[in-house]
Amino acid sequence: MHKIFIIFGLLSLCAAHSLRDLSNKDEEDPPSSAPGVRKRRMMSEEDQKTVDYYMDKLNKLADEKHPEEIERHKNPELVAWDRKRDSVLNPEEQGKFFQGDIVLYPEQAKALYEQALTEGKTRVKRKFIGSNLRRWDASRPIIYAFDGSHTQREQRIIELALEHWHNITCLNFQRNDQANSGNRIVFTDVDGCASNVGRHPLGEEQLVSLAPECIRLGVIAHEVAHALGFWHEQSRPDRDQYVTVRWENIDKDSKGQFLKEDPDDVDNAGVPYDYGSIMHYRSKAFSKFDDLYTISTYVTDYQKTIGQRDQLSFNDIRLMNKIYCSAVCPSKLPCQRGGYTDPRRCDRCRCPDGFTGQYCEQVMPGYGATCGGKISLTRSTTRISSPGYPREFKEGQECSWLLVAPPGHIVEFQFIGEFEMYCKIRHSLCMDYVEVRNSTDFANTGMRYCCYGTPPTRIRSATTDMVVLFRSFYRGGKGFEARARAVPEAGNWNSWSPWTACSATCGACGSRMRTRTCPPGNACSGEPVETQICNTQACTGMCAQKREEEGQCGGFLSLLRGVRCRQEKTVMAPCENACCPGFTLQRGRCVR
């Protein structure tokens, strides 16, 4: 069966709005594990043993580096039950694979271990998404198929997630269940939620496993993002500038899941770290007890932003388009508010949440209520609130405000009165929320506020503008009320802290950070944290590199038949790449 996606009006409307759960299974659908379905494995038994070997060594190495332990008296069965409850929200964390849902090839597992051994000493060159070998050809449809292990309803939901990726990027997907060779994605139900990262470099099929608990649009979009080349957000080389990993709170056998990627392997295309990414772990992922944080955000008000599995963030989409679609539109539009030229419609901009219009020049109108808009502030207080406050708002209502202070002023925002927005308290995660974007780039996900009790934070903008978003996806509630005003851009910051050490020695592969604080009572403008690329000189000298050599294959049958295989070997050789992915060499320096 061949099928090329076209844009269906109803599906587009559903997909563009939000990747939410759908209703219960259709009664006519057969069980997902229907008899007669061909059983598959994510990889061969021999390859699995190799990967398990290196993953075990990785966990032991991480445990040696971070030996902190917290002793608690808790029934192991209760701990297992807590994790089973967690799987409802983030089922991809419960898998047996690397970081829960990433299926590594043997050479990848070995390279990860070698990187961990030599961290900060030797550059180990590897071919992950930073290499074109694992990127799909955006000029051709990506072939996908089902192996028969999903019901018709489950297939429809999976295709809706693909349709969403299709609508927001230049990528096209084509179904072909009869294809038996070449690169293609095969959806199966073989082992929880799991996928490889990027295209198979040898032109073979790759499995994306989606068990019944994974059939949610947000989780499917997450796994498809892996197949298209995305790693987890908190694995970025620069993550320590945004979050702190609480090693002492991580389950003993899971510390290897929090290793960072080598800068050589990841091309972030200049897109900043994204707390709201659908690829980010939640706050308590892989914790040894359900009340312990394993990831703490550097700015505490971002804590409830991380870990969502509802929708692709604007920066998730922007990164995918930068990697695959940057050449689609011959000319770029003068997009505002962090927008960029839409590769699906080159005559319009793709806008961050809260903005619309050809150039993102308009504030998005309210949905399900008359609310939001652009408000020009003065020094007098202006109040904004959820629809109907203090009465309860309704499920599905959305409001967007752009608060603008006059020149020489910034925006001051503070919650007042009763506050209630639906959240998952155990997971420290907002389901419905008020989001405040106060940075210099409105493309970045902001701080999300939810749960019960009025947030005490007094928020000030980095510029004359601030965006406030009210989103009620799941249920009604009391909502919020806040006051905003323009305050003079007065008072100075305290001095910057010293720069942190650069995370890499050359090639523009590293970054560094410094911070500053605003004294109480001052209305400081600008950002409290600054990061920059560092050590941009070209890499020279010797690097640990992967080389292919012909040798005897492993396995009894291969030895018996005398089969020869191409094998990887790590050797010291002159560095192949002078610059990290996304940078080019110009006059001895690596520039973007």
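Note: Cβ is positioned from N, Cα and C throughout, glycine not excepted.
Quick caveat, the model's predicted, so the values are computed rather than measured.
Here the candidates are Cys524, Cys534, Cys539, Cys543, and Swiss-Prot names Cys539 as the disulfide partner of Cys506.
The disulfide bond recorded by Swiss-Prot for Cys534 reaches one of Cys502, Cys509, Cys565, Cys575; that cysteine is Cys502. Matching Swiss-Prot disulfide entries to the candidates Cys170, Cys193 identifies the partner of Cys214 as Cys193.
For Cys399, the disulfide partner named by Swiss-Prot among Cys371, Cys430 is Cys371. Swiss-Prot lists region 'Disordered' at one of the ranges 22-46, 372-396, namely 22-46.
Of the listed cysteines (Cys170, Cys430, Cys450, Cys451), only Cys170 is recorded by Swiss-Prot as the disulfide partner of Cys325. Cα of Cys524 (disulfide bond) to Cα of His226 (Zn(2+) binding site): a distance of 40 Å. On a Cα basis, His226 (Zn(2+) binding site) lies 17 Å away from Cys170 (disulfide bond). A distance of 7 Å separates the Cα atom of Glu223 (active site) from that of Cys193 (disulfide bond). Take the Cα of Cys214 (disulfide bond) and measure to each of the disulfide-bonded residues Cys371, Cys506, Cys539: the nearest one is Cys371.
Counting in whole angstrom, Cys534 (disulfide bond) lies 23 from His232 (Zn(2+) binding site) by their C-alpha atoms. The binding-site residues His222, His226, His232 differ in how many other CB atoms lie within 10 Å of their CB, and the one with the most is His222.
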